[in-house]
């Protein structure tokens, strides 16, 4: 039995509130159960130095957690003067995931910066960030299209992410903190709306699992991402 009482293949409730802030071109508050992330997408009419003059755009991401997003208060990374390795890893993952479904040539010489700020953490913050980030990106791009700043849609597919793991010997979908903290194995799966794999991060803790175990987690991830894709489509009116 899972601590939450959910079935092995049952997601936490998903909520995506769009236009959560008034300034960003795209913004959402995304909730997976008690995990809540504020995501904004900001359009900048410039690109990184390595892309100047190449006629293509860029999508990048930043990630952070509010000090009391967790059970005990954590110090702000700005106060420490540097980002943790975990933060750098997650924001790179978010950026890679979004770039996998964007045609940079069609975006033109502009950059869209995604900011993911975790306001409450209960497991799956990076996957919630990716899933919410796609919606914020979609909203921002829609505004560019409406303003006739883009002639073609650069977003070629949707993307979502979910965690799966082995908890007390059973493969389960969408781990919360109580499960994630003691799971024998856990993984993050990033998939596109067409079913393609963008990234898989999987590891074991104190136990191992075989190839079939990994495939069972992937099958669960496909179930979960299917629900996320439906929530994303509803949020953006598609």
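Any Cβ shown, glycine's included, is placed from N, Cα and C.
Going by Swiss-Prot, these are the annotated features:
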type: BINDING; residues: 86, 124, 125, 126; note: phosphate binding site
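Same-chain residues at least 6 positions away in sequence with a Cβ under 8 Å from that of residue 126 (phosphate binding site) are, in sequence order, 63, 90, 93, 94, 161, 188. Other residues of the same chain near the phosphate site, with their Cβ within 8 Å of the Cβ centroid of 86, 124, 125, 126, are 63, 90, 118, 121, 123, 127, 128, 129, 188. Those residues noted as binding phosphate (86, 124, 125, 126) have their most widely separated CA atoms at a distance of 13 Å. For residue 124 (phosphate binding site), the same-chain residues that are 6 or more apart in sequence and have a Cβ closer than 8 Å to its Cβ are 32, 35, 162, 163, 174, 175, 176, 180. DSSP assigns residue 86 (phosphate binding site) to a helix.
For residue 125 (phosphate binding site), the number of other Cβ atoms no farther than 10 Å from its own Cβ, over all displayed protein chains, is 23.
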